[in-house]
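Here the structure is laid out as structure tokens; the discussion comes afterwards.
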Amino acid sequence: MYHSKIAGLGYYVPENIVTNDDLSKIMDTNDEWIQERTGIQERRHILPGTETTTTMGVKAARVAIERSGVALQDIDFVIFATLSPDYYFPGPGVLVQRDLGLNTIGALDIRNQCSGFVYAVSIADQYIKTGMYKNILVIGSELQSTGLDMTDRGRGVSVIFGDGAGAAVMTREEDVTKGILSTHLHSEGQHAEELYVKAPGMGGRWITDILNENDPDDESYFPYMNGQFVFKNAVSRFAEVINEGLEANNLQVSDINMLIPHQANLRIAQFIQKKFRLEDDQVFNNIQKYGNTTAASIPIALTEAWEQGKIKSGDLVVLAAFGSGFTWGSVIIRW
Ligand code: ACO
């Protein structure tokens with residue numbers, strides 16, 4: 001019996017910074033509104049034609065692999081979480097296998113939006129625990145800026161999201177008091193349409209009909225979000241799933257050294273911090289700089305926290321996510 005652990009972490013964000021003031025020049029918004037509601041000061045958007053979800057994922061993966069000490073050819077599985085794949089199909093997992101020149105190993109794509117990285121870590125953990133694979137590359141990457149409605153109509157959603165990628169190499173941990181202690185996954189599809197993009201999922205329609213409609217007022221290609229409903233559900237589900245993970249391991253809130261919440265919105269993270277009475281140094285946030293990068297947000301935040309020396313060997317690290325689906329989950333790690 002063994003555990004899995006995170007052996008190497010990396011992230012990549014495009015260089016192009018888009019501030020709230022930049023957005024206010026193209027739509028009816030302002031820095032004060034955005035910061036007050038979301039905590040976001042700036043985000044990264046690719047410059048046209050420079051990156052895809054896969055190319056950013058590959059850059060993050062190279063850093064994670066280098067740091068893990070695992071040789072490229074010893075990676076034996078790829079899991080890629082995104083809501084913004086380069087193609088409708090195939091998913092980006094196989095593109096990573098190609099672009100990194102990996103062996104003809106398996107590649108799996110995860111479509112769980114903001115919870116995607118937590119789902120991916122959970123799957124990698126099971127494969128490693130059963131002995132099926134030893135060194136799994138887990139990526140969360142999103143190119144969201146090209147799919148946002150950057151007009152006044154889309155301002156309630158488009159100011160929140162940014163581009164970027166994070167990656168982890170997960171390997172075997174022989175010491176079963178360490179590594180991933182447990183993972184907890186949930187969904188409630190009843191609320192699928194509270195936060196979603198209708199197209200290009202066919203929804204019973206032929207793609208040619210969708211294209212032939214060619215309607216400039218068609219909002220179905222843009223994300224829709226019922227913001228206040230998402231907020232309400234997020235704060236309760238985050239709390240539940242963190243508690244579930246702690247209870248499963250006979251741990252208390254006071255045992256948490258570092259909570260890395262999905263960077264949905266700074267107000268949500270602050271609500272959770274207050275509810276659990278955690279100190280500032282027990283919660284890591286970087287949404288101020290990157291906005292909400294969906295499946296990439298946890299691996300980017302985890303990497304930055306680790307790079308800044310905020311995660312040390314023996315620490316109890318908790319990852320928690322909530323997002324479209326609704327889906328939510330947590331990962332309890334003894335580092
Ligand atoms: N700039 C200026 N004004 C805006 C903007 C903007 N970017 N967007 C909306 N407004 C206006 C609205 O038009 C509205 O004006 P009105 O009162 O004249 O009609 C007013 O601001 C309030 O709009 P609401 O949508 O009610 O704003 P709310 O206070 O709910 O804040 C927000 C919106 C920030 C989205 C909030 O609902 C929220 O935090 N929801 C959580 C959702 C979230 O964090 N999602 C992240 C992605 S999902 C995930 O990762 C889990």
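Cβ atoms here come from the backbone N, Cα and C positions, even for glycine.
Your range for region 'ACP-binding', going by TrEMBL and the list 33-37, 73-77, 138-142, 263-267, is 263-267. Annotation for the active-site residues Cys114, Asn292: lowest Cβ count within 10 Å of the residue's own Cβ, Asn292. The two recorded residues, Asn292 (active site) and Cys114 (active site), have Cα atoms 9 Å apart. Secondary structure at Asn292 (active site), as computed by DSSP, is strand.
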